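Feature annotations, reproduced from Swiss-Prot:
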type     : residues   : note
ACT_SITE : H48        : active site, proton acceptor
BINDING  : E152, D178 : divalent metal cation binding site
SITE     : R73        : site 'Transition state stabilizer'
SITE     : D87        : site 'Increases basicity of active site His'
Amino acid sequence: MPAPTNTFKSALASGDLLLGCWAGFADPYATEVLATAGYDWLVIDGEHAPNDLRSISAQLAVLRGQHSHPVVRLPMGEPWLIKQVLDAGAQTLLIPMVESAEEARDLVRAMRYPPDGIRGSGAALARASHFADIPDYIATANDQMCLLVQVETRAGIDALDEILAVDGVDGVFIGPSDLAADMGHMGDASQADVAETIEDALARIRTAGRAAGILALDDATIRRYRDWGANFLAVGIDVVMLAQTARQTLAKWRTDD
């Protein structure tokens, strides 16, 4: 029996538009609720949300069998950390601040068993292999790994074509906020030079045959990124949605006469 098929990876490769949402509460119950909305993918955020290995593992568990595919964003691309979340059952990783083809190649290798990589083979301890109940897991897992790298600096943009040429990079996610900050526009990704850079990057990603991803929260920007070619598009953040709805509801009834 082989490793479970990563249907998100195959959908990305086909160019389907996949709509996602950030799961930032670091809580399995909240992530399970979010999955009932039917998003194609959910980011379990280990970079800016208060997640650790146990909370990530718990969220992976509640998403098993759900339509929403878990994308685990790690705080960094360290091989030991990659190994742990893959053993916990993740198949798709989003790695921030990738700025070179060399970094991308190292990430590809960290996600794969030898001879294609350096992932440790302790699968008997791992949920990923159903605790050794999938006899062919190690032999087949490499083909189901999906690597998404974040390009969010000028250095990353300069190296984009080389990153896209790395075998094993399934998609590139543009980080508008950090890119804008690195270009001298802290907190304002709407500046013309930032927008032009994003549009060009998304086009180059799709031309290279890779999936292009990005996050936006307002309707106009979401439509613009979609029209520019983004095909794994995050359209919400759960923490933001709760905060906005809570404030709007209270404001409405405080002022109602």
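Glycine is treated like the rest: Cβ placed from N, Cα and C.
Features recorded in Swiss-Prot, as mapped to the structure shown.
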residue : record                                       : Cβ contacts under 8 Å, 6 or more apart
H48     : active site, proton acceptor                 : G24
R73     : site 'Transition state stabilizer'           : V43, I44, D45, G46, E47, L93, L94, I95, P96
D87     : site 'Increases basicity of active site His' : G122, A123, L125, A126, R127, A128
E152    : divalent metal cation binding site           : P96, M97, I174, G175, P176, S177, D178, L179, D182
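The secondary structure of E152 (divalent metal cation binding site), as reduced to three states from DSSP, is coil rather than helix or strand.
Within 10 Å of the C-beta atom of D178 (divalent metal cation binding site) sit 18 other C-beta atoms, taking all shown protein chains into account.
In three-state terms derived from DSSP, D178 (divalent metal cation binding site) belongs to a helical segment.
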